[in-house]
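Accompanying notes for the structure given below.
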Amino acid sequence: MRQSHQLPLVGLLLFSLIPSQLCEICEVSKENYFRLQPLISTMISSNNTRGIQASNVLLSLRLVGIQKQDIEQQLIQQIEENVKSRSSDLTSGQVALIILALGECQNPDERFIYDNNLVSQLETKFQAEVENMGAHNCTPLTNYYQLSLDVLALCLFNGNYSIRQVAELFNPENKNYYFSGQFSVDTGAMAVLALTCVERKGQIETDGEYLNHIKKHKKSLVKKILYEKKENGLIGNRFSTGEAMQALFVSSEYYNKNEWNCQQTLDTVFKEISQGAFSIPIAAAQILPALVGKTYLDINKDSPCVSDPDFNSPTPKPTSERYTNSPSNILVHYSVKINRTYSTNIAVLNGSVFLNVMEAAREKNETIFRFTVEESSWGPYITSVQGLKANNNDRTYWQLLSEGKPLSQGVGSYVVHDGENLEVRWSTY
């Protein structure tokens, strides 16, 4: 029988007295909160916040203290309907996000977590991930980002987990931290947050050996995260920077001050915001907490929800009307590469995204360019092309490229340009 870990009452009391971050944090000054309004506007006015994305947005809004009851109720309704309609189909990470969002602070909606046994469901789904790793060469049902979310939610909401198992699973050299040979910054960052929670709740007397392993894992992961820091201050890419900042906030004992200029990172993120980089709700939701000095370890189901009066109400701007300002067509070159390459030229409206190109190509030749797509927390993603399905156990997926270089944005958010060479490639990671 596996050794389970559940925080005793005294430990819970002690944990509640520990500051949520034993570290130095840089954050945007209240005078500059206006620079965050594009992010907030994207989250609360987008027509594209649906399904599991609602969990990310609700969590972010509550974490930073933005209380808008009408928006919250819409998001909560979407989340609850999602659970009721497809509970068995939700991945472990999706369940974890729902728990974090609904339970972020004391509110009537947290009752939904316990009425629907979401923590127990998460325990079961997490163990299914672990069992799949044993049967399929250390490959989880989903990915290590979701496993990290699982552990974080179980830790914060007093679910059962094994510290020994966590210490073994989250070894920094595990292949699941890498995607096509590249260290995944957001995966490593989420792992640091989860390991920090486990470490803080651990008991030295009984868990000392495994807690030492966890500390070593964190130190190694932090070094890997910092290694991915760019000259402009971004860490990994613009979309992984927010969670990387959170990880660095809670682990400052593992790096020197001269290894990370947080203010430079903030300045670059502000520039990216002004250029519309975080134009989908999930991207805005993931970057916002770090900008105001918050991390997912600030989630506290026993604390009252607070509102930050310094956030002014933004003026909503539609985010789904891509074509109103640029009605003219553009021409792109689109290819599908499996064992051979299939190509065509496609005309689409200026302002179209990658998915629009794929849809236009499918209309042109259903046999060659057919594909299937599913929704995720980051928007739609490609699951098959020409009937060839991505398979997590085989570590295969459909990679999006522009001019031969992998894209950091998804098929539903990357805006294509006139004359661009676009490619969907059968790949492994």
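Just so you know, glycine gets a Cβ as well, placed from its N, Cα and C.
Unlike curated records, TrEMBL annotations are generated automatically.
In TrEMBL, the cysteine linked to CYS26 by a disulfide bond, out of CYS197, CYS262, is CYS262. Long-range Cβ proximity for THR142 (cyanocob(III)alamin binding site), meaning a same-chain Cβ under 8 A and a gap of 6 or more residues, is found for THR91, SER92, GLY93, GLU129, ASN392. Shown are the binding-site residues GLN146, ASN237; of these, the residue with the fewest other Cβ atoms within 10 Å is ASN237. Across the domain 'Transcobalamin-like C-terminal' (351-427), DSSP helix (H, G, I), strand (E, B) and coil residues number 15 helix, 34 strand, 28 coil. Every protein chain shown contributes to the tally, and the Cβ of LEU400 (cyanocob(III)alamin binding site) ends up with 22 other Cβ atoms within 10 Å.
Comparing Cα positions, CYS155 (disulfide bond) lies closest to GLN146 out of the binding-site residues GLN146, LEU400, TYR429. Of all the Cβ atoms in the protein chains shown, 26 others lie within 10 Å of the Cβ of CYS155 (disulfide bond). Listed in sequence order, PHE371, ILE382, THR383, SER384, VAL385, ALA390, VAL424, ARG425, TRP426, SER427 are the same-chain residues six or more apart from TRP398 (cyanocob(III)alamin binding site) with CB atoms under 8 A from its CB.
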